[in-house]
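So the structure is just underneath, and the comments pick up after that.
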Amino acid sequence: MDQYEKVEKIGEGTYGVVYKARDKVTNETIALKKIRLEQEDEGVPSTAIREISLLKEMQHGNIVRLQDVVHSEKRLYLVFEYLDLDLKKHMDSCPDFAKDPRMIKRFLYQILRGIAYCHSHRVLHRDLKPQNLLIDRQTNALKLADFGLARAFGIPVRTFTHEVVTLWYRAPEILLGSRHYSTPVDVWSVGCIFAEMVNQKPLFPGDSEIDELFKIFRTLGTPNEETWPGVTSLPDFKSSFPKWISKDLSAVVPNLDPAGIDLLNKMLCLDPSKRITARNALEHEYFKDIGFVP
């Protein structure tokens, strides 16, 4: 750890404290994540070390680069490139952002590009939210942070500071207890983020797993064997769920054009096997006039 000097604490992530720090060798500013593990006394599990080492191979313009992994005194530190703005802060500080459909389109395109890259390397995110989409103020390049960490460390119910980990972007198959989820869970999260960029408010802000599910079902309809084969066999599906019918998304996200609504419908498909892939979403007609994207 001697190579890095902490400058200031910049936040508390899902897994531990995040510092702005300086690389004493290159003088570069970096983000240093100190990972807090449940079994502090046992040190860092070798599985986590293996998973994290694989992430150093992931290099793409829309992914926050993991530059180094430091294992010292039973603690794990992850060294990332430093970006000081995230999509949540950006949306909160720019009320006019929603009035800029071109910017929303460019951000969405970059999110999907980063995800398609990760999925092509068989890496899931599982915890995508506006707070871990980082933005370079100079170029408006958007980069995904924390990819692959869920697999290495699991997703806690609460952070180490006892904050509740948000459910607002969690896919219905996870909420229904599926153990066999895959890449579609990330596409669902992106659909929620897309709607939030346009509406300037979260689409499904549930405060418990059941509240989250019911918010989803009230808008998209309660699934059944016809609309989602196999859904009634998922561990947490109950035949007693209220049977809501689906609403038209153009009424839910009124400021989005028809091509955008079509793409959103495909991303928010309840049945994960019918949900559009990130790769196919990039080819959607919504992006036909995209022009140059950083």
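For all residues, glycine too, the Cβ spot is worked out from N, Cα and C.
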Quiz item: Where Swiss-Prot shows Ile10, Gly11, Glu12, Gly13, Thr14, Tyr15, Gly16, Val17, Val18 binding ATP, which of Lys24, Lys33 is named for the same site?
Solution: Lys33
Quiz prompt | Arithmetic mean of per-residue pLDDT over the domain 'Protein kinase' (4-287) | solution = 92
Quiz prompt | Span of the ATP site, taken as the largest CA to CA distance across Ile10, Gly11, Glu12, Gly13, Thr14, Tyr15, Gly16, Val17, Val18, Lys33 (Å, rounded to a whole number) | solution = 14
Quiz item: What kind of secondary structure is Gly16 (ATP binding site) part of, going by DSSP in three states?
Solution: coil
Self-check item: Neighbour-count leader, CB within 10 A, binding-site residues: Ile10, Val18
Solution: Val18
